[in-house]
Amino acid sequence: MKFNTIFLVLSIVKFILISAQSCPFSQSIINGASATFYTAIDAGNCGFEKLNGPLGPGNYMIAALGSKLYQNGAQCGQCFKISNSKNASVTVMATDSCHDAGYCQRDNHFDLSPAAFSILGPQSQGVLDGLSYVKVPCEVSGNVKIMMKDGSNDFWTSFFVFNSKVIIKQVSIKLSNSNQFVPLSQTTYNYWPTSITGGQFHVRIESIGGEFIYVTIPKVESRKVYETSGQFSTSCSNLNENNPINYKPQTFNSQQTSNNQNSNTQTPTKQPSPNSQNFIPSYCQQYIQKPNYIFAKESKEMLVLNENENIESNSLKLLPNFLLLILIILLNINF
């Protein structure tokens, strides 16, 4: 009887912990979508410029999102698998916004490239209704990249993050003489501007899954592309592995660059940083809210990475009392 009670308690606890975690990659199929097409597909509002250029996805399977789907730029870089009633489907990346009156004001509307539209129906039809879609990871190669906007200087710069399999939730920066990361605000054109510049600074890129990639940049240089040290996970099962990937910070030597991607954009050679930090996967976020801490999953110990910070975790404080309450209730029921 006691064994059954303990097993039941553990099962309930596991269910509660799993239910409390919202997987950002679990997306349901949305019906009732529509699509049109347009031809001026380069230089969209999401900042990718030429689709086959150094910042673009490398193909023409793209979409301009209706105003409600676009979410003021938050969905830039998200990939969607769109299907029609005849089981034809196409996967597109959001690279632009569609704000025209009419179709673009619908809740779930895509203004597709001609190539993408033609997979779902003839262009002569003009408008396709009765479509469905689901959010999917983007099929990109290599690691996440970051570029500083043209016009960046010692008083202002703006970051463009691209080549990510999932969308970016937050970009934060701190100067070398600071211990505090400052979150930046995303613009409607998918850049992350800041006036915190001057000297070497560190950039922290957070995915929608709660992972972090760190980049150390020596100085402000317009249109310089940096390839980071990692790529984000695309499923919650990957995030919950016993030994999650550690994305170490990268330091770039601005004097050493690889072949130019174009006359304005260069990809520098990476040099490992002597000071490594770990990302905190999403399943740890319910335990730790501070980026300078990491939860040791197997040993269940708190590892302090910054002695100047204090942990405030309501979940850890309340969990023992909650478990004790459940145990008392079940013991009363069984005995």
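Keep in mind that glycine also has a Cβ here, set from the backbone N, Cα and C atoms.
Residues or ranges marked as signal peptide by Swiss-Prot on the basis of sequence analysis: 1-20.
As annotated by Swiss-Prot, topological domain 'Extracellular' applies to 21-314, with the evidence given as sequence analysis.
Sequence annotations record features per position, and here Swiss-Prot assigns domain 'Expansin-like EG45' to 43-143.
Among the features that Swiss-Prot reports, disulfide bond is placed at Cys46-Cys76 (among others). Taken residue by residue with DSSP, Cys76 (disulfide bond) is part of neither helix nor strand, so it is coil. The number of other CB atoms found within 10 A of the CB of Cys76 (disulfide bond), across every protein chain shown, is 30.
Long-range neighbours of Cys138 (disulfide bond) (same chain, six or more residues apart, CB within less than 8 Å of its CB): Pro57, Gly77, Gln78, Cys79, Met93, Ser164, Lys165, Val166. Feature annotation from Swiss-Prot assigns disulfide bond to Cys79-Cys138 (among others).
With a 10 A radius on its CB, Asn87 (N-linked glycosylation site) counts 6 other CB atoms from all the protein chains. What Swiss-Prot lists as N-linked glycosylation site is Asn87.
According to Swiss-Prot, the region 'Disordered' annotation covers 247-276.
What Swiss-Prot lists as compositional bias 'Low complexity' is 249-272.
Here Swiss-Prot flags 315-335 as transmembrane segment, drawing on sequence analysis.
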Q) When neighbour density is defined as the number of other C-beta atoms within 10 angstroms of a residue's C-beta, which of the disulfide-bonded residues Cys46, Cys79 has the lowest density? A) Cys79
Q. Cα-Cα separation of Cys76 (disulfide bond) and Asn87 (N-linked glycosylation site), in Å?
A. 26
